[in-house]
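Undergrad: First the structure, then my questions, so here it is.
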Amino acid sequence: MANIERVIGREVLDSRGNPTVEADVWLDDGSFGRAAVPSGASTGSREAVELRDGGGRYNGKGVRTAVENVNTTIREALQGGSADDQAALDRQLIDLDGSPNKDRLGANAILAVSMAVAQAAARSRGLPLYRHLQQEGSAAQLPAPMMNILNGGEHADNSVDIQEFMIMPIGFDRFSEALRCGAEIFHALKKVLHERGLSTAVGDEGGFAPDLPSNEAALEAIIEAIQRAGYQAGDQVALALDVASSELYRDGRYHLASEGRDFDAAGFADYLAQLVDKYPIVSIEDGMDESDWDGWKVLTERLGGQIQLVGDDLFVTNPQILQQGIDRGIANSILIKLNQIGTVTETLEAIRMADEAGYTSVVSHRSGETEDVAIADLAVATRATQIKTGSLCRSDRVAKYNQLLRIEQELGDDARYVGRDALRPEQG
């Protein structure tokens with residue numbers, strides 16, 4: 001049994017140059033854990049609260065208050081306590097905060113400590129994090145990556161409405177081969193855009209952000225890049241979208257500014273269905289606004305038996321909200337973001353609940369990331385079938401892919417890449 005000896009919080013910078021919380025935890029057996037918390041650009045209104053200082057410092061985005069909470073209230077409560085029971089520790093943190101959305105201490109403060117304790121406890125047991133978090137008796141599995149190679153919406157300063165255009169290299173036997181495929185397509189897309197005289201600057205998540213006339217133009221460019229790289233769109237490489245519809249939703253309608261069009265929920269479901277019919281799209285995230293549950297029902301009835309429909313802003317990694325969606329037959333997949341809910345235990349609970357309901361889980365980064373690679377371990381530990389962690393450039397994104405390569409090597413012959421099984425059986 002290892003007890004918590006010391007907890008320290010600090011303010012560090014994320015990949016967008018904004019402050020975030022990092023925590024260090026030492027146990028009395030000498031084990032050490034460190035974790036840094038990411039931050040989103042398009043956020044769900046029901047996410048756990050990320051505590052920011054306001055004022056002029058760092059344009060109001062400082063996290064000194066959250067760090068102070070780590071170094072006082074949280075440290076005093078945890079010091080001397082056991083690190084062996086993650087669920088009990090996280091419950092203590094939740095109770096210590098006492099609010100329904102962690103707005104007293106800050107989800108960024110709570111999560112940094114929750115993750116750092118998990119890291120320290122893993123080292124205390126002599127295990128990598130994915131083994132420490134893994135359910136007893138379950139086999140490790142490498143997830144299929146959703147690679148965001150073209151950005152629009154809130155993740156880029158361009159005219160494309162859909163926030164993320166992703167490739168999923170599913171037709172491969174090993175994660176390392178899937179990663180190579182993604183990297184080659186990324187470089188092919190850069191050439192395609194350069195030849196058209198378009199920008200090859202990248203957005204927050206490392207994807208290109210060209211000024212294209214429509215969402216279909218973005219899809220066509222990606223299809224061309226897949227073919228130029230020598231791969232088959234659909235068979236080897238599928239497409240996925242993050243529509244981030246909450247950013248498009250105003251006055252009860254969905255607005256595509258780049259195309260000068262707007263739709264009601266049924267019309268927008270039709271628009272997305274047309275894209276699915278025309279392109280090898282196997283997954284759509286946030287296809288409707290987070291508050292438009294009737295629209296989600298329409299979309300699920302229209303496309304839920306055909307493709308994966310992922311709830312991000314809809315579910316915000318919250319088991320209670322997910323249960324409502326399951327009960328109402330809305331979506332068939334959940335995006336998993338640690339900082340949306342604020343503790344390791346609640347995140348694991350959301351994945352377990354999704355799995356029991358037949359929903360897939362997609363473990364995800366945020367647009368404001370750090371060098372922390374814990375989500376790679378989380379995806380492997382929970383057998384989440386997919387991971388979404390950006391493009392094939394920017395160290396904050398590539399760090400997660402590199403961690404998955406290390407895990408694959410460590411697992412050796414036991415390293416199973418999920419490939420086409422990433423999607424529900426009825427989707428192939």
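Every residue, even glycine, has its Cβ placed from backbone N, Cα and C.
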Undergrad: Going by Swiss-Prot, D242, D312 bind Mg(2+); tell me which of E216, E220, E285, E290 is listed for that site too.
TA: E285
Undergrad: For the (2R)-2-phosphoglycerate site that Swiss-Prot assigns to K337, R366, S367, K388, which of the candidates Q135, Q141, Q163, Q227 is also assigned?
TA: Q163
Undergrad: Of the recorded positions listed here (E205, K337, R366, K388), which is spatially closest to E285 (Mg(2+) binding site) when Cα positions are compared?
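TA: Result for E285 (Mg(2+) binding site): the nearest of the recorded positions is K388.
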Undergrad: Which of the three DSSP states, helix, strand or coil, fits D242 (Mg(2+) binding site)?
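TA: For D242 (Mg(2+) binding site) - judged by DSSP and reduced to three states - the answer is strand.
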Undergrad: Using C-alpha atoms only, work out the spacing between D242 (Mg(2+) binding site) and Q163 ((2R)-2-phosphoglycerate binding site) and round it to an integer in Å.
TA: 6
Undergrad: If you pair up every Cα among Q163, K337, R366, S367, K388, the residues annotated as binding (2R)-2-phosphoglycerate, what's the maximum separation in angstrom, rounded to an integer?
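TA: It comes out at 17 Å between the most distant Cα atoms.
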Undergrad: Using C-alpha atoms only, work out the spacing between K388 ((2R)-2-phosphoglycerate binding site) and K337 (active site, proton acceptor) and round it to an integer in Å.
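TA: Rounded to the nearest whole number, the Cα-Cα distance is 10 Å.
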